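The following features are taken from Swiss-Prot:
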- Asp7, Ser8, Tyr39, Gly40, Asn71, Thr72, Thr181, His182: substrate binding site (BINDING)
- Cys70: active site, proton donor/acceptor (ACT_SITE)
- Cys180: active site, proton donor/acceptor (ACT_SITE)
Amino acid sequence: MSIGIFDSGVGGLTVFREIDREFPFADIYYLGDTARVPYGNKSKETIIRYSLECANYLYSFGIDALIVACNTASSYAIEALRESFDIPVIGVIKPGVELAVKTTKNGRIGVIGTQATIKSGSYRTEIEKKGDFTVYQKPCPLFVPLVEEGLIDHKITELTVKEYLDDIVSKGIDTLILGCTHYPLLKDVIKKIYPHLNIIDSSKATALYLKKKNLDLNGTGERKIFITDESPSFEKLKDLVVGSDIHLEKLELSKICTL
């Protein structure tokens, strides 16, 4: 049995890593749409089209579950994906929210993400369904390019984190949802600056959420990672996040656009 995972770039590898740990015998196929990263500044229509194209390619492997390892795509394209494919389609928003509301002690939850994810209000909507919580949101558009360029431990990243987060942290939040799958790669930087925060990694939450589905996902343990454009920074970060054993395979963008 097999799992398909897609994201606009390298961020979804944090989900791949957690799925790999929880389902060591499943076949896992990952598609990073590096030719069109980021999705966070695209229109809703474009995000849906890109998501359907990525999902359709992964579906051609006969996958049994699809993980939308992109918060932007989870915000805008999840319903279109569920209508288009006859397998479980799991986004990263609901699992992260469920963990956050269980974790917070004072009911003040911060959410950071791309412009598109924050604008969609997806996290606020899901959190408010769970009860009386106060939600503070902040778009952090520079985080994705910083991660994609491999500047995880750079001084400029620390300064950018403070510039974005000082305001919502000052509101008294005790829990922060990393509302983009790139952001767990900045978790150590964020924790260093704000050690008191409970940081919710939606990647791990999503893997645990899938585990609760009790799907028969035993296979041969095959692992494949595809990208739609050459990216030295992706390869470097892939080695950091999931190791160097898995070879990258480049797809021509036209191949997924015409399926």
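Cβ from N, Cα, C; glycine included.
Shown on the structure are the features that Swiss-Prot records.
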residue: Asp7; record: substrate binding site; contacts (Cβ under 8 Å, 6+ apart): Leu13, Val15, Tyr30, Leu31, Gly32, Asp33, Ala69, Cys70, Ala73, Thr181
residue: Ser8; record: substrate binding site; contacts (Cβ under 8 Å, 6+ apart): Gly32, Asp33, Thr34, Arg36, Val37, Pro38, Tyr39, Gly40, Tyr50, Cys70, Thr72, Ala73
residue: Asn71; record: substrate binding site; contacts (Cβ under 8 Å, 6+ apart): Gly91, Val92, Ile93, Gly113, Thr114, Thr117, Ser122, Gly179, Cys180, Thr181, Ser202
residue: His182; record: substrate binding site; contacts (Cβ under 8 Å, 6+ apart): Gly9, Val10, Gly11, Thr14, Phe143, Val144, Val147, Glu148
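Look at Thr181 (substrate binding site): DSSP puts it in coil. Spanning the listed substrate site, residues Asp7, Ser8, Tyr39, Gly40, Asn71, Thr72, Thr181, His182 have a farthest Cα to Cα distance of 12 Å. Counted within 10 Å of its Cβ, the other Cβ atoms near Thr181 (substrate binding site) come to 35, all protein chains included. Under DSSP, Ser8 (substrate binding site) is assigned to coil, being neither helix nor strand in the three-state scheme. Shown in sequence order, Gly9, Gly11, Gly12, Val37, Pro38, Ala69, Cys70, Ala73, Thr114, Thr117, Val144, Cys180 are the same-chain residues outside Asp7, Ser8, Tyr39, Gly40, Asn71, Thr72, Thr181, His182 whose Cβ sits within 8 Å of the Cβ centre of the substrate site.
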